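Positions annotated as transmembrane segment by TrEMBL: 12-27, 39-55, 60-78, 112-133, 140-159, 165-184, 196-217, 620-637. Residues or ranges marked as domain 'Transglutaminase-like' by TrEMBL: 475-550. Annotation source TrEMBL lists region 'Disordered' at 570-599.
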Amino acid sequence: MNNGAQPMKFQRVLLYGLAFILLWEWLRPLNEVTDTGNIGYFVAFIFLSMVLYYFNLNKVLSFSIKTIFILFSLYHLYSKDTFLHPAEAMIRELWDNIGLTIGREWSMLSDMYRSLLFFILLWLMTYLIHYWLSVRKSMLLFYIMTIIYISLLDTFTSFDAKGAIIRVIILGFLLLGMLALLRLKDQESLRGSRLGAGSWMIPLVIMIGASSVLAFAGPKIDPVWPDPVPYLKAFADDNDGVGSGVSKLGYGTDDSRLGGPFRGDPKTVFDADVVREHYWRIESKDIYTGQGWERTGTEESEESVTFASGEEVPLYLTEPDPEREPDSEVLKVREPYSHVVYPYGVSSFQGNEEGTFSISEDTTKITTLRDQEKVKLEEYSVHYRNPVYSLKGLESVSEDSFSEETQPFLEKYTQLPEELPERVRELAETITADEENWYQKVRAIEGYFSEEGFVYEQTEVPVPEEGQDYVDQFLFETQMGYCDNYSTSMVVLVRSLGIPARWVKGYTEGEYQRTIDTQYKTYKVTNNNAHSWVEVYFPGEGWVQFEPTVGFTGSTIVNYDYELPETDETAVVPAPEPETPEKDMTPEDEEASGSNSSSFSLAGLWEDTVNNVKDHWEKILLVILAITIIGYGVFLVRRRWLPYLLIPYYKFKKDEDTFPKAYLALLDQLKRYGLKMDEGQTLRTYSQYVDSFFGSREMTSLTDKYERTLYGQKLTEHDWNQLRELWENLIKRTTG
């Protein structure tokens, strides 16, 4: 008997091993085609799951081991540096993300929650593979899906699937051949025959090996369709309804022609450990052409200033506050560029000790150099003093604040094309007609778009026609668009009033990920966070950030530093009320008072309950939903746990109706197990069917006694004790 068991055991190990490798092929490309990291944790979870299924461990023990592994992995990846208790932090983050999931805020889900969902997906996949191997004995569907998955990645991404497709073909055919042998044995009852694994597997391995060698060594015909991607993209551009003007969201250098729709890109650019939320600045542009933005000079002829890591950044954006201690923030770059991003008030950088930084005097863009060549940093830190502007200083600025020496500066940042429609200038005058100073005028233009019902739109955004001004089209025709429309329009409106302004590009604060400690939080900045906004120059305060785009708030802090006028307020002293002697309360009064007090308390309790429900209805709904789902899940698997309640229930009952009720409960349990009684079938034939299924005689004995009780025979206590043992043995079989 052991001689036959050993090949079967080896065959089972080989089956689960091949299935594990096939599922592993699904994870191999993730490092390259996505920003998923730490793939080893997911591979280890797949391996652990397959091992547990192979040994067929108790379901509760297997569930516990997998859950502990998932919690340990999530803790090690995301929660070990948190200042909160790990369990508290994970529960809080899980709860927050469940709310985001219900609200369909997919882009706001944290990395920890996404990893948890991925673990659950892998859990389901390993269960399906176990089911296909042990029950269906067929993996054809999964095999075909694996080939399609790898082929699509090889076609549409940078992933090279040459090695993967060879492994999948060879190992997949081997797995399918082994499963075909198992199905043949089951269907033809060949368990005791001489058809062994060796007589089947040796020809199979030879056939697969020979065909693979011939296919690899033989001549290959060049593909008739070398690269389908350009054809598919061209087809999509011809049929998406918006033409070829659909661009991808993210940072780019060419802004000479703005307009048209774009599609989002969730690819991560960098992760930042920050003290506070703020915008990340890259560069500014100063020449508006009527179609887009250009810089004053060219990249080859630009003047730049270099500085080393740790040195003061030679950039004037705001008036520095030397008494204020700078904050430090760390950026971990996922999509490296040869430039750095920085907040307002930047003072220094750390991270390019072997090279230098170079800042353009035209665009204020800071690039990283090493041996006079541009270099891409994977991590760096930035030190800055978050600027706080004086409202008094801002409102004191006017045309008189500029001297003749600053006229070239003023002309540069108030430049507008001669072809700008006059109605744009007239609109700026109309918006600011009631404002007294520059700051109030700028704020009026900033708030104009939201007050007039302009709409934030990404897809239905037209491209200006030939000769049509970009700003004029947005202000008077479409009145819908995204950040480029709003920021460019505000710069043009502000400049038409003679106020210096420029167009700025960068990123918004990003998406919150987790809390590191009491000071730092981690934010993820993706290409979807690419943004443009406005800077206006105020002498004495510097370049001040303004955010005209509907739905965005910006991060400018203005200090209200006006002195409030002192006022003499006369205190009004209420006239004293005459004292009224208290009346002695009668027992009736006391009873009425107590009744009123009790009524008031009940009303207050009811009001508090209603208010709590209104304030926390989402959480209450989630709890009810969770209880409903859990209850429904428990109900679905009642076949597995209900017998353990029925056994003690009937164990100590000894009245005459106990056995008939227990027998009927057994029939219901057998029905839940899948052994249904056919219509017109007698109890005796049904009991024989059940005994043949389980290979016992218990159901026939129980049915014989049950039929006797139907005809009036009474059972003694001794009879019930014997029958109960048979009944318990049989009902326990249905829990497997």
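Every residue gets a Cβ built from N, Cα and C, even glycine.
As a summary of secondary structure, the domain 'Transglutaminase-like' (475-550) carries 20 helix, 34 strand, 22 coil according to DSSP. Same-chain residues lying 6 or more positions outside the transmembrane segment (165-184) and placing a CB less than 8 Å from one of its CB atoms are 11, 14-15, 18-19, 21-22, 25, 133, 137-140, 143, 146-147, 150-151, 154, 190, 195, 197, 200-201, 204-205, 208, 212, 216. Of the ranges 39-55, 60-78, 620-637, the one with the most Cβ pairs under 8 Å to the transmembrane segment (112-133) is 39-55.
Beyond its flanks by at least six residues, the transmembrane segment (39-55) meets 12-13, 16-17, 19-20, 23-24, 27-28, 30-31, 62, 65-66, 69-70, 73, 76-77, 118-119, 122-123, 125-127, 129-130, 134 of its own chain at Cβ-Cβ distances under 8 Å. Per-residue pLDDT, averaged across the domain 'Transglutaminase-like' (475-550), gives 92.
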